[in-house]
Amino acid sequence: MALALAALAAVEPACGSGYQQLQNEEEPGEPEQTAGDAPPPYSSITAESAAYFDYKDESGFPKPPSYNVATTLPSYDEAERTKTEATIPLVPGRDEDFVGRDDFDDTDQLRIGNDGIFMLTFFMAFLFNWIGFFLSFCLTTSAAGRYGAISGFGLSLIKWILIVRFSTYFPGYFDGQYWLWWVFLVLGFLLFLRGFINYAKVRKMPETFSNLPRTRVLFIY
């Protein structure tokens, strides 16, 4: 028993020398490094560094305008003046830029027509009365054809008024109403003259507009 106690007492110093004390992980090991990683305070930035950072901000991200500038709107006169200046052409038009025309082109010539179409529609409206007038007026698209139809219908109206007035087959149509006879007679005469006069004016248009810029002509029948 005494020998066992003596052996145990001899082994304890040797084992105690091999142990190592461990640190607690929750305790901070190096507080100096944590303090070193923190950013410096604003008071430590010098005046030159502050000016440098202000310059960088102004160049990359410009500051917005002040409240007075942002909320100031132009007056009504200024807005109208700006709108007027925007509509003014940069290069004003000049008359010499347009090229004169020696004669009407094919489309204008088709729109005006010729004497043959005028005479054809004139006799159609004169011989076939209102049926010939509607056919010749609707089937032709030229001014000569339509003016010929109007003139022929006017002469046809005069023809039938004279037939009814002086014929023995239609007695009593205008008894006591001679003003109505005169109204239809004057109306037919005006239609006849209008067709001839307007067609004569249209025929002179190629000569009138030969030296003028290109112009659209609207025929009102």
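Cβ atoms here come from the backbone N, Cα and C positions, even for glycine.
Identical topological domain names are assigned in Swiss-Prot to G116 and T168, which places both on one side of the membrane. Within the model, the motif 'PPxY motif 2' (64-67) carries an average pLDDT of 68. Within its own chain, the transmembrane segment (173-193) is flanked in space by residues 150-151, 153-158, 161-162, 164-165, which lie at least six positions past its ends and keep a Cβ under 8 Å from the stretch.
Under 8 Å from some Cβ of the topological domain 'Extracellular' (138-143) lie the Cβ atoms of residues 110-113, 117, 121, 149, 198-199, 202, 219, all in the same chain and six or more residues away from its ends. Per-class residue totals from DSSP over the topological domain 'Extracellular' (138-143), listed helix then strand then coil: 3 helix, 0 strand, 3 coil.
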